[in-house]
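Colleague: Let me give you the structure first, and then I'll get to my questions.
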Amino acid sequence: MNPDATATAMPPATELSADRLTLGYDAEPVVRDVSVTVPPGRITAIVGANGSGKSTLLRGLAQLMRPRRGAVLLDGQDIARLATKTLARRLGLLPQQPLAPDGITVADLVGRGRHPHQRWFRHHTGADDAAITAAMESTGITHLAERPVDELSGGQRQRAWLALALAQDPDVMLLDEPTTHLDLAHQIDLLELLTDLNAALGRTTLLVLHDLNLAGRYAHHLVAVKDGRIVAEGPPAEVLQPDTIESVFSLNCAVIDDPLTGTPIVLPRPPSGDRRGG
Amino acid sequence: MTAKDTVAVRVARGAVVFRLQRRSALLTSMLWLCALTLAVAALGLGEFDLRLADTLRVLGGGGTLIEYDVVVRDRLPRVVTGLGVGAAFAVSGAILQRIAANPLVSPDVIGVNAGASFGALLVMTVAGGAGASLVLGALAGALLTSAAIVLIALNRGLNGYRLVLVGIGIAAMLSSAISYLLVRADYHQVLSAASWLTGSLANRGTLHVTIVLVALAVAVPVLLVLGRHLRILELGDDLARTLSGGTTRVRLALITTAVVLAAMATAAAGPIGFIALVAPQITRRLLAGRPVTLGPAAAAGALLVTGADLVARLLFAPTELPVGAVTGVLGAPVLLYLLARANRIGHTG
């Protein structure tokens, strides 16, 4: 799981960036004047406390919110000027709590990712079938194709939504807290899958993660957000420093190297002494 | 939609490909076949009975003058209006149910029918109008109400949930206004109003047929082009926007189509209850994966209205019931069943 171990012989990956981006619903902006470049072809994790604006930043980059000021750029081009159809083929999304239509099967759900590649007079073609099959295969849900999504376990369901985004075949994949409702084993499972997909396809991937240790292990690049601004950015080993974590999360902690992977591990310090008694 | 359940219809060497789901196409054809059979039967049945062969002969241009009068002048507009409004109500309900991701939504719930009723009653009681002016009053009432609902709900993008809440509010206001009009109307006006408010196919003519056929002729091409977006809209706002760029315009166009269909159908036949709600829900239970689909729902709506009207005409002959009374009696138990099985909003078993 060496963060630097990515293949080199791949088509150039897409660069997503924000240029002095300000986002917000009401008078008070949630994301203020943020400029950031998501490294092409890598996995980037946005970390930050609850309410820090990390999901809002992801939503802004996904064009789900109109910028109050500034712009989102895709390979240097202002995303607001791209044709909506083009954009729909280039950005993929796994929402925080996606809702599947009642009774829909896995194959049907995954097939809906092909929407931007279809026209009203040209439904489902061979290319669509191939993309759907490949997406289900790479997420390991081929055997579930005819099962209703509401009958799947949490981990399987998350894979089905991921397969939808893969079938869309976007240049950039955005995932909003993809591990939130999963147990630890399924969190690892999903992040391993994302790592494999990233290594195989070299697709620019950006996700919001809560767990700093998982972010440190699976992301190549971390972006730490506090009060709508970026306070630190870089490889996990640089960002996950005790003083940075203290300022971002107001958490007093120590950082050690993971004996298994060498990636940083954050250990919160107990307030004073061990209060569990003896 | 997987390839193996579908048939591809290819035109122009693969540049145009439509996929039909086998089971859905089969269901649609069977329901239309039943609806048309009932329709032909309805042309022959009644106080002036005709055998099937005679009915077909009259339709082909033969038969006596009186047979022609009964079948073509009297019963044909009624039957065609019935088929049309059934399909229109059902498609309207199916679109709204998918956009709101809620099986309990229909144009009656969001106030379209109340708007039509208010318009019709205003013409009937205040202006003393009847016939064509009544139909136009209903049409104007329904369209104005729909426009108001959509405009109020449009605030910051159009979301299905807000559409329903706004619609329920407006429907409640209109039903008070309807009560007021009924209270101040005279006895004879109240009698004809009661029949109109139930939904009736009696005495339909060219005007009614034209209204409902125009509605369908406009809606079908729009849905042919935009219908596929329903598959995306029901995945929720975020994913819909990611997969299709802007969604507000498509959503607005689909909701407008749905309310205009219901408005025109109500103008043509009165607010026939439950068809919009029940037809999509019946057909989805007959399809794998339980999707709400437009084609099968339209056929089911046409069949339900045609069947209900036949029952309404024949059950207590020579006294006719308004068709809305029969759809209400049939529809209410289905609604209760759906409510009983709904375990959370947006999901039914």
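Cβ coordinates are placed from backbone N, Cα and C, and glycine is handled just like the others.
Those TrEMBL annotations? Automatic predictions, nothing curated.
Annotations per TrEMBL:
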- B:25-46: transmembrane segment (TRANSMEM)
- B:79-97: transmembrane segment (TRANSMEM)
- B:109-128: transmembrane segment (TRANSMEM)
- B:134-154: transmembrane segment (TRANSMEM)
- B:161-185: transmembrane segment (TRANSMEM)
- B:205-226: transmembrane segment (TRANSMEM)
- B:252-277: transmembrane segment (TRANSMEM)
- B:297-316: transmembrane segment (TRANSMEM)
- B:323-340: transmembrane segment (TRANSMEM)
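What's the neighbourhood like for these features in this structure?
Modeller: Beyond the transmembrane segment (B:109-128), the same-chain residues lying 6 or more positions past its ends with a Cβ under 8 Å from any Cβ of the stretch are 92, 96, 134-146, 149, 163-164, 166-171, 174-175, 177-178, 181-182, 184-185, 189, 192-193, 196-197, 259, 262-263, 266-267, 270-271, 273, 277.
If one looks beyond the transmembrane segment (B:161-185) by at least 6 residues along the same chain, the residues whose Cβ comes under 8 Å of a Cβ in the stretch are 96, 99-100, 102, 105, 108-112, 114-115, 117-118, 121-122, 124-126, 145, 148-150, 152-153, 155, 193, 197, 255.
If one looks beyond the transmembrane segment (B:323-340) by at least 6 residues along the same chain, the residues whose Cβ comes under 8 Å of a Cβ in the stretch are 82, 103-104, 197-201, 269-275, 277-278, 281-282, 304-305, 308-309, 311-312, 315, 348.
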Colleague: Would you say the transmembrane segment (B:252-277) and the transmembrane segment (B:134-154) are in contact under the rule of three or more C-beta pairs closer than 8 Å, pairs 6 or more apart in sequence?
Modeller: yes
Colleague: Counting only residues 6 or more past its boundaries, what in the same chain has a CB within less than 8 Å of a CB in the transmembrane segment (B:252-277)?
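Modeller: Same-chain residues near the transmembrane segment (B:252-277) but 6 or more away: 81-82, 84-86, 88-93, 95-96, 99, 104, 106-110, 112-117, 120, 135-136, 138-139, 142-143, 145-146, 149-150, 154, 158, 163, 196-201, 204, 208-209, 211-212, 214-216, 218-219, 222-223, 226, 229-230, 233, 301, 304-305, 322-324, 327-328, 330-332, 334-335.
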Colleague: Could you tell me what the rest of the chain brings near the transmembrane segment (B:297-316), counting residues at least six beyond its ends with Cβ under 8 Å?
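Modeller: Residues packing against the transmembrane segment (B:297-316) from afar: 27-29, 31-32, 34-35, 38-39, 41-42, 45-46, 78-79, 82-91, 93-94, 201, 272, 275-276, 278-280, 282-283, 322-323, 325-327, 330.
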